[in-house]
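Listed in TrEMBL:
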type: ACT_SITE; residues: B:LYS254; note: active site, N6-AMP-lysine intermediate
type: BINDING; residues: B:GLU252, B:ARG259, B:ARG296, B:GLU325, B:PHE365, B:ARG448, B:LYS454; note: ATP binding site
type: COMPBIAS; residues: B:264-273; note: compositional bias 'Basic and acidic residues'
type: DOMAIN; residues: B:353-489; note: domain 'ATP-dependent DNA ligase family profile'
type: REGION; residues: B:264-287; note: region 'Disordered'
Amino acid sequence: MFKAIVSAETLTSALDSVSVLVDECKIHLEEDGLEIRAVDPANVGMVDLSLDAAAFESYEADGGLIGVDLSRLEDIAGMAESGQLIQLELDEETRKLHIQIDGLEYTLALIDPDSIRQEPDIPDLDLPAEVILEGKDVNRSVTAADMVSDHIALGVDEGEEFFYVDAEGDTDDVHLELTQEDLIDLQLGPAHSLFSLDYLKDMNKAIPSDTEVTLDLGEEFPVKIYFGFGEGQGQVTYMLAPRIQSD
Amino acid sequence: MKFATFAERAAEIDAESADLEIVECVTDLLVDAGDEIEVIARFVQGRVFPAWDSTTLDVGPSACYEAIARAAGTNVDADDVEDRLAEIGEIGEVAASYEFGGQQGLGAFTGGSGGDDLTVREVHETLTDLAATEGSGSQDRKVDLLFGLFNRCASEEARYLARLVLSEMRIGVGEGAVRDAIADAFDLPDDRVERALQVSNDYGRIARVAREEGLEGLDAVDLELGRPVQAMLAQAGTVTDVLEEWAEAAVEWKFDGARIQLHHDPDGLEHDPGAIGVSSDARPDDSRATTRAFSRNMEDVTDALPEVVEFAEETLEEPVILDGEVVAVDDAGEPLPFQEVLKRFRRKHDVEKAREDVAVRPVFFDCLHADGEDLLEEPVVDRHDRLESVLRARVGNDVGPEDVDGLSLLWITDDAGQIESIDADALEAGHEGIMLKDPESAYTPGRRGKNWRKRKPDVETLDCVVTGAEWGEGRRATFLGTFELSVRDGDTLETVGKVATGITDEKLAELTDLLEPHVAAEDGQEVTLEPAVVFEVGYEEIQTSPTYSSGYALRFPRFVGVRHDKSPDDAETLERLESLRSS
């Protein structure tokens, strides 16, 4: 059993943050909210999303599991105007999702969850450094790095106490330093890792510029990026594996 | 098997040039293939999917370059890969020249599963996922999947992965080599392996059956409804040759259409390849299609040809596999040129609209399977009898064969004259000519054998003077026809034959208007003409003949056109006729 009403913005934010990594996903319809976990085909980037029942206008579920084609569902959600509500209801018999936006009704065929790539194990990482910054600064870092390179190094200078972004291109370089004053918070620790911008650019698309974003970093370790959405009732965590740094 | 091991073996084969050594290497590879024998038997030929399967990876070179670039490391882009390709010339070599593996996977940090070597199975599974990826953004997703593979490749692995993905394996292993290797590896007779391969069209499956079930298993492999087999092909041939070789010839019209193989089962096809990426076993019986049509290349063309599906639903009552052609027809049911069929064949969208523009209809000439029975080994005549009875399911036996919808007629004869007239009728009906088949021969999939001949198209044409004609009979009483042809011998004209075929009524009327002013004398139906008009005629060969004054006769002459630009003085000479004959 699943029946819920949610604002178009909240649903769209949730779907977008998953669809940057995968086309299809499993959605757990838990009693206290939605859960999605997915990993990209190369097992490099992962998303873990939860959307609390409180984020919905109304929410009823009893622990089912459905598989969806994300771009389809995004297209449908895109039909809603800003501020409109979307009603979702699962037909257990036909295994279809009935979606209603005002007078518009859409019946979405679901995908067999068993045919969707297995959900990832979440790495249990002890990352020593924590950087909390505004979404727009993440955006700025990624955009600047992308101008010169396809990789980005993220790190913390423990001595000088700042968070930095490095990108080295064939000819040009980008370096950005954000100190305690530029950041919302900085917890110092040894951190320096190199990441593929292909992934980070996609993840960045889902990060709202006015949101508080936390980056957990280590040395040659994955980065954990997390932020809230849907008035704090939703939570997205990305995890991205590093590239090996060549000398 | 580790993909690295496969790559190593592929490299060894690549280095061999002698056929025997190649077969030996493939044999060893199959013996060592373990659980992945199906995949390995296909990969070694550069195939990802069985031949009967229409599934394709649908990966363009640029997606592959992109994936290689991403896996290759810092600041390499697709253009760099392309530049290197232009320099080196072969994608495998390019892929092998990069160092991959810079991107780590999350698995390396969850403990346990991280950092495993790539296996043949994983490559196959990923490529299967890749083929199933469709819709918006699918090209990006395909790049992601390929990147994931390349990222785990060492250089030799990358070389053969790139070649496999772009269908450029080219290590010298053809179907014959794999057939021989299967036979050698599991100590089985070549011809039985060959038969099983022909009916199943699946080298992977037959490799496994050969290994695990031996000869008994091979012999039990049958045609399966829903899985296409390769079409039997014809060689060029002449009427003269086949009548010398065979006691009699089975003669059929050769339709100017596109080959199709129809699979139909009123209860739903055993294999329904319609839904790519979804195993038919995993779907409920009632969702299986009852009809599928495949092209000569075994592509699924069902959706483009709703008329064929309708034909099957309306005509057939038992499970069958039929071989035939689809022809395009105009509103009056007259055949249209081949190009019109092609417009329909590859159509994926707006099929209904296309159907309004050009309608098609199927004509069948062979029956490979009927009601649980494989007929490949049966002679042509028996298969044709079965075909006729299958197509008569609804109309019964009260109508003549010419009124059985979708049936291509078959004549058995040893009379060259009758063959000539069948050819004439075929041409007049707007078709391509005739097919000649050994009535006793079996159906051999994929073979361009001697048992089927398409009548050789005209080698050359001759420009002959029209020196006589006959008034027609019945509805053609007002037309001149059966034109007498002559060539020049010095100042005189000598006859070489008569042409009556390849001319429509409309054309006959036109020719009558053209020739009537030149009538010199009439004797009953016979007309003598002043030399004035030149015909271009095709022929099968030039024979010596007492019938005509030149001493030669054109065998199976056919009308090609009027040479308005030529006068009788420009017509062929007897001398040239002699030189053509001796060449």
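Glycine too: its Cβ is placed from the backbone N, Cα and C atoms.
Feature map: TrEMBL annotations on the structure.
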residue: B:GLU252; record: ATP binding site; DSSP class: strand
residue: B:ARG259; record: ATP binding site; DSSP class: strand
residue: B:ARG296; record: ATP binding site; DSSP class: coil
residue: B:GLU325; record: ATP binding site; DSSP class: strand
residue: B:PHE365; record: ATP binding site; DSSP class: strand
residue: B:ARG448; record: ATP binding site; DSSP class: strand
residue: B:LYS454; record: ATP binding site; DSSP class: strand
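Around B:ARG448 (ATP binding site), the same-chain residues at least 6 positions away in sequence with a Cβ under 8 Å from its Cβ are B:LEU233, B:ALA234, B:GLN235. Of the recorded positions B:LYS254, B:ARG259, B:ARG296, B:LYS454, B:LYS254 has the largest number of other Cβ atoms within 10 Å of its own Cβ.
B:GLU325 (ATP binding site) sits 9 Å from B:LYS254 (active site, N6-AMP-lysine intermediate), taking the Cα positions as reference. Close to B:GLU252 (ATP binding site) in the fold, though at least 6 residues off in sequence, lie B:PHE365, B:SER408, B:LEU409, B:LEU410, B:TRP411, B:ILE434, B:MET435, B:LYS437, each with a CB less than 8 Å from its CB.
Helix first, then strand, then coil: DSSP counts for the domain 'ATP-dependent DNA ligase family profile' (B:353-489) stand at 36 helix, 52 strand, 49 coil. In this structure the residues listed as binding ATP are B:GLU252, B:ARG259, B:ARG296, B:GLU325, B:PHE365, B:ARG448, B:LYS454; their two most distant Cα atoms lie 19 Å apart. Its own atom aside, the Cβ of B:PHE365 (ATP binding site) has 23 Cβ atoms within 10 angstroms in the protein chains shown. For the pair B:LYS254 (active site, N6-AMP-lysine intermediate) and B:ARG296 (ATP binding site), the C-alpha distance works out to 16 angstrom.
Counting every protein chain shown, the Cβ of B:GLU325 (ATP binding site) has 24 other Cβ atoms within 10 Å.
Across the domain 'ATP-dependent DNA ligase family profile' (B:353-489), mean pLDDT in this model comes to 89.
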